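Worksheet: the structure to be examined is printed underneath.
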């Protein structure tokens, strides 16, 4: 029923400010998850199980980080049939993010520009929300740095967040690719990334001993990388035995949206315009990584065929964000069914 009602709901939501609509949707999904209404109204999504990063996924279609930054609506999203949920990005301390307005729809391009800036309630509240959720499927927790933490001390923030979220995560995503936190993408540089991942892997080993379980680490990277940068990142992932990589975050490019309303707004562009760039990075990563490090593909998925294209490029799993906002819950089932059909051939 959610799927059939969504076009009507979207018409109303798209008349609102984009961020206000986002918050309203989160509140509604949070309430639906707490009451069980989401399960009763959601479409049936078939199982298409697989094992990736040592984790068992009900199906390969997940929710990307950013839609639920504080983990406040985990149960509501889970009821929509996602095979896994990723929430965050969370930082050590609460922060308001960048000034509003900071989210803009570009419906002519099936796109969104955002410059949110890791607005969140801080890792302590985040952990409380995660603990309160009833969902027991694969849950990714996405961590970042506070805006006022000098880039030279960024590792301190990531290490602190990793320690706090580790006991509650199926996997932890290291987000170094948001364009909306000053200098954050510098951490994708060879030397900076090598030092950060070395520190995080050392912390992971100690936390695994403490908690009696190894929680995989995944690195989230940008689409705005040249071939040499992708090669360097891949080599660093292999050198440090990082368990996964998420490709990609939003793009700074505006080539595909030139002349459209809001196209000149600062921030990261997501949606259909990032699809090809994301797939190109996935293909380059797969060529460098082989089967050693699984890739989670995200960026511009608006149909089941789009999801299959991500897998064909080299992804093991996919995530939805902007396509989910434009298409609604029906997109989840469509992607799972398309992937299952393709694998059955």
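Each Cβ is built from the backbone N, Cα and C atoms, and glycine gets one as well.
Annotated substrate binding in Swiss-Prot involves 114, 115, 116, 117, 118, 175, 180, 249, 250 plus, out of the candidates 69, 284, 310, the residue 69. The FMN site recorded in Swiss-Prot includes 65, 66, 67, 68, 69, 142, 175, 220, 248, 271, 300, 321, 322, and the single candidate from 25, 35, 89, 91 that the record places there is 89. Proximity to residue 69 (FMN binding site), judged by a C-alpha distance within 10 Å, picks out none of the recorded positions 115, 117, 175, 178, 249. Within 10 Å of its Cβ, the residue among the binding-site residues 65, 67 with the fewest other Cβ atoms is 67.
Comparing residue 142 (FMN binding site) with residue 178 (active site, nucleophile), their Cα atoms are 12 Å apart once rounded. The maximal spread of the FMN binding site, taken as the longest Cα to Cα distance among 65, 66, 67, 68, 69, 89, 142, 175, 220, 248, 271, 300, 321, 322, is 20 Å.
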